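Pulled from Swiss-Prot, these are the features on record:
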BINDING   Tyr25, Gly52, Lys116, Tyr140, Asn190  substrate binding site
BINDING   Tyr78, Ser115, Lys116, Tyr140, Asn190, Tyr221, Ser248, Phe249, Ser250, Arg259  pyridoxal 5'-phosphate binding site
MOD_RES   Lys251  N6-(pyridoxal phosphate)lysine
Amino acid sequence: MESYIQNLFAERIGGKSFGKEDVIYKFEKIKRAKQAAKLKYPDMELIDMGVGEPDEMADESVVEVLCEEAKKHVNRGYSDNGVQALKDEIPIYLEKIFGVKDLDPVNEVVHSIGSKPALAYITSVFINPGDVTLMTVPGYPVTATHTKWYGGSVETLPLLEKNNFLPELDAISKEVRENAKILYLNYPNNPTGAQATKKFYKEAVDFAFENDLIVIQDAAYAALTYGDKPLSFLSVKDAKEVGVEIHSFSKAYNMTGWRLAFVAGNELIVRGFAAVKDNYDSGQFIPIQKAGIHCLRHPEITEKTRAKYERRLSKMVKILKEAGFNAKMPGGTFYLYVKAPIGTKDGAKFANAEEFSQFMIKEKLISTVPWDDAGNFVRMAACFEAFKDGEISIEEEDRILNEVKRRLTEVEFVFE
């Protein structure tokens, strides 16, 4: 007999149908395809270029700070909305790395237990039933999900190659603008790897003023850029009047499991975020925040990681070009975003990127992530594991990439 509890689930997560859906989502399909490929080719190495998680641990010096701070009696308790020492360090870091000036460490900065809850909480601060969030696609879905949970709707802004993967703000209709409260941006962008420009950020600021909305710029990959200097939305004139930027320690400092991020920018938005956060959590463990302070004081940790990804991405671009793909170095992140082929010379057909991605896993044992939201593309990550004797090894890195090249060049892909 079915439990009465089945009838109590909120509509936002499916109501009475919660847990009964038979839809198989993208990442579950990838997981199943990987399992099937391993069974079919048990002696063949599966090369995972789909996962978007750093391959290395946090720097040894960061771990040491955590250990030392964890031994201190004073650090045992709640931190609520964060230790002031971390808040004091954040503006110094943002000015040194990104040129952001005049950020108030008391009223314009708050830490978060990772960027995911930050995106969720800020959405709850502003969205009422009927409100609209402007959301770039493809992209990280948290803001869109929570907008819908609060009775709002999402207007998608496609990121197209012809526009350098920047949204066309001028194309948004007057009707949508009138109900919009949030413009969500993410640069450097996951999955496209695109970097925004100062010109675009200024357009976003002007757009926010003209339409009475806020900008949430998700800067999870902000410190991982190639070519140009890292760019912050908050470094643009008047940006602080309309929005906030969310920075994460996960990608820049190999601290995904540590769950530490911060929100910086407009005082009112930060205050609203802090009020909601205060009702959800009691702050990140103080020793983790102290380790975060050490990170911000040592940007050379990030530089070492950034250089590794740049080296790998450069090699991946060369390999993909040799296999027929139109691959280019990204502006930032650790991803390559390449157009999927429509088939192979020997007769295989791919209706979309998902079908190509499944082919790659099942036949070549190379895992990628497909995106069919705005064109047919696959994302390939440079954070694959390449260790030898417990250390990152360029020799092992080259072995893996040479194997990727061998498998890709065995096939003649057909492109539009």
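Including glycine, each Cβ sits where the backbone N, Cα and C put it.
Keep in mind that this is a model prediction, so the values were computed, not measured.
Set side by side, the recorded positions Lys116, Lys251 differ in how many other CB atoms lie within 10 angstroms of their CB, and the most is found at Lys251. Ranked by how many other Cβ atoms sit within 10 Å of their Cβ, the binding-site residues Tyr78, Tyr140 place Tyr78 at the bottom. Here the CA atom of Lys116 (substrate binding site) lies 20 Å from the CA atom of Tyr78 (pyridoxal 5'-phosphate binding site). All chains included, 19 other C-beta atoms sit within 10 angstroms of the C-beta of Gly52 (substrate binding site). With respect to their backbone Cα atoms, Lys116 (substrate binding site) and Ser248 (pyridoxal 5'-phosphate binding site) stand 10 Å from each other. Cβ neighbours of Asn190 (substrate binding site) (same chain, under 8 Å, six or more residues apart in sequence): Gly52, Gly139, Tyr140, Ala220, Tyr221, Thr333, Tyr335. If you take the Cα of Lys251 (N6-(pyridoxal phosphate)lysine) and the Cα of Tyr25 (substrate binding site), they are about 25 angstrom apart, rounded to a whole number.
Secondary structure from DSSP puts Ser248 (pyridoxal 5'-phosphate binding site) in a beta strand. Ser248 (pyridoxal 5'-phosphate binding site) sits 26 Å from Tyr25 (substrate binding site), taking the Cα positions as reference. On a Cα basis, Tyr25 (substrate binding site) lies 25 Å away from Ser250 (pyridoxal 5'-phosphate binding site). Our reading of the pyridoxal 5'-phosphate binding annotation (Tyr78, Ser115, Lys116, Tyr140, Asn190, Tyr221, Ser248, Phe249, Ser250, Arg259) yields a largest Cα to Cα distance of 33 angstrom.
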